[in-house]
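Asks: Feature annotation from Swiss-Prot assigns dCTP binding site to K110, S111, T112, Y113, A114, R115, T134, L135, E136, Q155, Y169, Q179. The annotation active site, proton donor/acceptor is assigned in Swiss-Prot to E136 on the grounds of sequence analysis.
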Amino acid sequence: MSIKSDRWIRRAAEAGMIEPFEAGQVRTANGGRIVSYGTSSYGYDVRCADEFKIFTNINSTIVDPKQFDEKSFVDFKGDVCIIPPNSFALARTVEYFRIPRSVLTICLGKSTYARCGIIVNVTPLEPEWEGHVTLEFSNTTPLPAKIYAGEGCAQMLFLESDEVCETSYRDRGGKYQGQRGVTLPRT
């Protein structure tokens, strides 16, 4: 497997892999600095949309991935999301992805957030998966933490195999195929 360059990412985006797409790096908006997004040397920095689900413990339930209670989250829409101390929030990317059959995509958090104790987690985007990426932001600090909508939050790395997979995510009817918006756990 080899990592794909900015040139490859631009060509793949022209074929519909990433929508909307930014061909370069955006570092400013409205005259001020932002957390960067867009194409980098060997990756693509995605933006966080303005839809959030903030984890709350008001119902004092047990977190069970097989029977997840939607009431464990408070829905929020806005330019800035405040994550409570030692808690987390779900969000989604602005970008919609269509991953080629020969590609596996790995997501890593941006250092701007990591250096503040905010960790971004996303599982790999498998071959022929498509949808908005659901992002998990963990606030590992004892203080409230801000996430900025419309700005960079994570970087996607594209790895292309020297052999096309026998069965893709689409072929096996993956449960998150075509997801839109913030998607909760499914079994």
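Here the Cβ of each residue, glycine as well, is placed from N, Cα and C on the backbone.
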Asks: Tell me the Cβ contacts of K110 (dCTP binding site) under 8 Å, same chain only and six or more apart in sequence, or just say none.
Replies: V35, S36, D45, V120, G152, C153, A154, Q155
Asks: When the number of other CB atoms within 10 A of each residue's CB is tallied over all shown chains, which of the binding-site residues T112, T134 has the maximum?
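Replies: Top count of Cβ atoms within 10 Å goes to T134.
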Asks: Identify, in sequence order, the residues in the chain of A114 (dCTP binding site) that are 6 or more apart from it along the sequence and have a CB within less than 8 Å of its CB; answer 'none' if there are none.
Replies: V120
Asks: Take the Cβ of Y169 (dCTP binding site) and count every other Cβ within 10 Å, whichever protein chain it belongs to.
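Replies: So the number of other Cβ atoms within 10 Å of Y169 (dCTP binding site) is 21.
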Asks: My understanding is the cutoff is Cβ-Cβ under 8 Å with a sequence separation of 6 or more in the same chain; which residues meet that for E136 (dCTP binding site)?
Replies: F88, A89, L90, V120, N121, V122
Asks: Determine the C-alpha span of the dCTP site listed in the record, that is the greatest distance between any two of K110, S111, T112, Y113, A114, R115, T134, L135, E136, Q155, Y169, Q179, in Å to the nearest whole number.
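Replies: The two farthest binding residues have Cα atoms 33 Å apart.
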